[in-house]
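So that you can see what the record holds, here are the features copied from TrEMBL:
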| type | residues | note |
| --- | --- | --- |
| BINDING | LYS15, THR174, ASP175 | ATP binding site |
| BINDING | SER55, ASP142, ASN154 | substrate binding site |
| DOMAIN | 282-365 | domain 'PUA' |
Amino acid sequence: MAREILKSLRRIVVKVGSSLVTNQGQGLDHEALDRWAEQIAFISQMNKEVVLVTSGAVAEGMLRLGWKSRPSALYELQAAAAVGQMGVAQAYATSFAKYGLRTAQILLTHDDLSNRKRYLNARSTILALLKLNVVPIINENDTVVFDGIQFGDNDNLAALVANLIEAEVLVILTDQAGLYTGDPRKDPSATLIAEASASDPAIEAMAGGAGSEIGRGGMQSKIMAARRAARSGTHTIIASGKTQHALMRLIQGEALGTCLQADMPVSIARKLWLADHLQVRGSLVLDNGAVRALLSKGKSLLPVGVQEVRGEFERGEAVACLEVNGREIARGLINYNARETRRIMCLPSGQIESVLGYVDEYELIHRDNLVIL
Ligand SMILES: Nc1ncnc2c1ncn2[C@@H]1O[C@H](COP(=O)(O)OP(=O)(O)O)[C@@H](O)[C@H]1O
Ligand SMILES: N[C@@H](CCC(=O)OP(=O)(O)O)C(=O)O
């Protein structure tokens with residue numbers, strides 16, 4: 001059962017929406033932030049990695065600028081978000097420091113994650129922060145979005161982040177106990193769904209979207225996010241952030257909220273995605289040792305095992321890995337462009353810096369970004 005994974009999971013993305021982090025859209029609810037920090041600190045102590053996706057920039061900006069109602073012009077929303085994001089970062093740093101944790105601010109757009117080079121950089125940065133035991137606090141980079149700052153955007157962003165870092169679970173906390181058979185604000189007889197497949201078309205019909213008074217992104221954007229997360233093997237739990245210690249209780253296996261299950265585990269989903277979606281831009285001819293390391297030991301590909309580089313490609317693009325006889329054995333996202341790869345091939349990783357003057361990564365293709373064919 002998908003919920004079982006909560007007890008053994010390694011990495012989790014938690015998304016808290018506007019309805020939970022703001023005081024009715026005016027400023028941040030600092031006590032609520034303290035409660036998230038306390039719960040995330042509890043989870044980190046269990047050796048699990050947590051990434052927090054949070055809204056609140058526009059609401060905090062409105063308070064700081066003395067604006068009573070949410071503006072409709074995009075440039076005004078963006079200005080408010082720019083003012084408010086200072087407060088979001090500051091407030092989370094303060095709340096987490098109470099529990100001995102450091103935080104980092106990451107502002108992303110959907111475009112960043114569809115660009116392969118930026119995708120790899122965002123991924124490396126977040127994974128490095130997690131290794132350093134720093135909690136990444138993510139929001140949309142509202143300054144540069146061009147299609148509006150919309151309620152529900154962060155549901156989608158949280159799903160993209162879950163895909164980016166291969167989180168096993170995405171928890172979307174909101175103001176309802178989970179997904180109901182209908183919008184509980186309008187239909188008092190609606191009942192809570194405990195579990196469903198994220199790809200079940202019936203759940204979309206239950207979810208209210210734009211038009212409901214408070215939930216402008218509503219459940220619909222959460223279902224879309226769950227569906228997107230499931231494509232990379234991530235299960236989604238939608239639960240109430242108002243329930244006391246909801247996160248701690250979920251992580252200990254309590255059946256709160258709605259669990260929307262992915263049909264396959266993260267590892268397999270990622271490999272399928274890599275195999276299906278990557279247009280190969282070039283190829284690497286490997287020596288026998290590297291072929292063995294990839295095929296039988298599940299290792300990353302190091303520059304030392306590459307004998308020849310064919311074609312032109314940029315960092316983050318897909319390349320094929322060939323045996324000396326030309327047979328393709330794997331493909332993956334490469335950490336260096338073709339020029340750099342030609343300079344560092346056949347060399348031990350310790351020499352990358354002296355040859356190039358910098359090191360992006362010690363692996364040419366990390367095993368997480370590699371699919372064996
Ligand atoms: N089937 C449903 N089950 C639960 N809530 C629903 C459903 N359909 C619509 N909603 C609405 O979605 C709202 C939550 O979405 P939203 O306000 O966008 O939250 P957040 O700010 O946490 O992202 C609920 O308050 C509820 O009114
Ligand atoms: N990025 C914006 C808000 C995006 C948004 O409202 O998302 P959500 O909380 O999912 O409805 C902010 O920080 O104010």
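Glycine residues also receive a Cβ, built from the backbone N, Cα and C atoms like all the rest.
What TrEMBL says about a protein is an automatic prediction, not a curated fact.
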PLDDT averaged over every residue in the domain 'PUA' (282-365): 95
Filter the candidate list LYS15, SER55, ASP142, ASN154, THR174, ASP175 of binding-site residues, keeping only entries whose CB is under 6 Å from an atom of ligand 2. SER55, ASP142, ASN154
Measure from each Cβ of the binding-site residues LYS15, SER55, ASP142, ASN154, THR174, ASP175 to the atoms of ligand 1 and list the residues where some distance is under 6 Å. THR174, ASP175
C-alpha spacing of ASP142 (substrate binding site) relative to THR174 (ATP binding site), in angstrom: 21
Among SER55, ASP142, ASN154, listed as contacts of substrate, what is the widest Cα spread in Å, to the nearest whole number? 11
Measuring Cα to Cα, how many angstrom lie between ASP142 (substrate binding site) and ASP175 (ATP binding site)? 23
Among LYS15, THR174, ASP175, listed as contacts of ATP, what is the widest Cα spread in Å, to the nearest whole number? 12
When the binding-site residues ASP142, ASP175 are compared by other Cβ atoms within 10 Å, fewest goes to ASP175
What three-state secondary structure does DSSP assign to ASP142 (substrate binding site)? helix
Chain-mates of LYS15, THR174, ASP175 with C-beta within 8 Å of site centroid, ATP: VAL16, GLY17, SER19, LEU20, ILE172, LEU173, GLN176, LYS222, ILE238, SER240, GLY241
When DSSP states are folded down to helix, strand and coil, where does ASP175 (ATP binding site) land? coil
Please report the number of other Cβ atoms within 10 Å of the Cβ of ASN154 (substrate binding site). 25
With every protein chain in view, what's the tally of Cβ atoms within 10 Å of the Cβ of THR174 (ATP binding site), excluding that atom itself? 25
